[in-house]
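For reference, the structure is listed below as C-alpha cells.
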Amino acid sequence: MVSGVSLRGLYALLVSVSFFSALCAADAVSDLQTKGRAAVDAQLAKMHRGDFTAEQKKAYIAAVLCITQKPSKLDQTKYPGAKTRYDDFVAIHIKNSMSIHGTGNFLSWHRYFTFAYEQALRTECGYTGTQPYWDWGRWASDPEKSPIFDGSDTSMSGNGQKVTHQSNGIKPAGNGGGCIEKGPFKNMTVNLGPMAAMADTTPPRNPRSDGLGYNPRCIKRDLSNYLTTKYATTAQIATLITGQANIGSFQTKMQAQDSVHVAGHFTISGDPGSDFYVSPGDPAFWLHHSMIDRTWYIWQTQDLANRLNVIAGGTSMMGGGKAQSLDDTIDLEVLNVDGKKWKIRDLVSTVDGPLCYVYE
Ligand SMILES: [Cu+2]
C-alpha cells in the first residue's frame, strides 16, 4: 500500500518533469537542433542501400570498373595472380574460404567484406553512392529480365553466351554457360582460381595449387530461374526471417542447399560464380552478398535487443575446432577499412563500430 502511494508520487513527479522539459523544448538551442537535423538525415540517407536510378547504377558500375583498373596492394610474391585492386578482394576470399562459410563468422565476415568493398569504391574510386543489393524474390520468376542481369548498360552484364554444357549438379543447365558478351563487364577478366570448378565450367587450371597464380579468362554465367523460383521467392525469404528464432538456426538454414545463399550463387553459376572460393570474381557477387546481409539485418531488427550480440557455430567449415566467439577478430588485411581489423562484436550492428548504413 505504501509503496503504491510512493510509486504514484514518483509517477506524478515524472509527469511534471516531462511537462517542464516540454515547456523548455522551444528554446533557441533546441530550435537550432531541429533546424540542423535535416542535414543529418540527408547525410544518413546517403548511406541507405536501396533502389537505384539509372544515374546511380552508372556511377556504381563506373566505380567497379575503376577498381578493376587499380593496382593490387597484395604482396606479389605470395599473390602473383592478384593484378588489380579488385583481385585483392577475390584473393582474400580464396585465402579465408574454409573458415568463413558454415562457421559462426559467416554473416559478420561477409558483412565486413562487402562493406570494405563499398568503402574501397568510395575512397579509391570516388564513388559517392552505396552498395546495391539483388532482391532475389522480386525477380525470382525471371532473373535474366531483372535490371541487374538484363545485359543493358546499367546492368551487371547479362547471361553467358549460350553453349552446350552439363548440369553443375545443383541445377539443370540453363540458357548460358559461356562468356558474358553484353553489358559493362563483358571485358572484365577473372585472374585467380579456379579452385573448385563445377562440372558445367571448364576453366584452365591455375598454375598454383592455392589458386593464387595468374590465370586470366572471361567471366562465364549460366543464369536461370530454376533456383530462385524454388528457394528464393519473397515468401520464402520472409519465412526464413520469421521462422528462425536464434542466430544458429538462422545462419544454418540460410546456408542450406534449399535456401537463399546457395540459390543466389548458383543462379549466377558459371566461372567463377559457382566456384566456392573464387565467387567474388564475378561482380554480381556483391549484390548477392549485400542481400544476404540485408536478410540478416532484417532478421536482427525484428528483435534487436536479443539479436545483436549473439553468436553460434564453429570456426572451421570442416567441423571441429573451437566455438566462434564475439571476441574473435576479422582481419581483411589489405582490405581493412581504415587499416583496422575488428572483433565480430563490432560488426554485428550496421550502425555501430566501423559500419554506418541501413537498408530501405
Ligand atoms: Cu563467401
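For all residues, glycine too, the Cβ spot is worked out from N, Cα and C.
Annotated in TrEMBL:
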- 152-169: compositional bias 'Polar residues' (COMPBIAS)
- 101-118: domain 'Tyrosinase copper-binding' (DOMAIN)
- 282-293: domain 'Tyrosinase copper-binding' (DOMAIN)
- 151-178: region 'Disordered' (REGION)
- 1-28: signal peptide (SIGNAL)
Near the region 'Disordered' (151-178), which residues from the same chain, at least 6 beyond its ends, have a CB less than 8 A from one of its CBs?
54, 57-58, 61, 144, 184-186, 198-201, 219-224, 226-227, 257, 262, 266, 269-270, 274, 283-284, 287
Contacting positions for the domain 'Tyrosinase copper-binding' (101-118) when only residues 6+ beyond its ends and CB under 8 Å are counted:
89, 92-93, 130-131, 251, 255, 276, 280, 286, 289-290, 292-293, 296, 311-317, 323-325, 328, 330, 332, 335-337, 342, 344, 347-348, 350, 354-355, 357
Within the region 'Disordered' (151-178), residues counted as helix, strand or coil by DSSP:
0 helix, 5 strand, 23 coil
Across the domain 'Tyrosinase copper-binding' (101-118), what does the pLDDT come to on average, as a whole number?
97
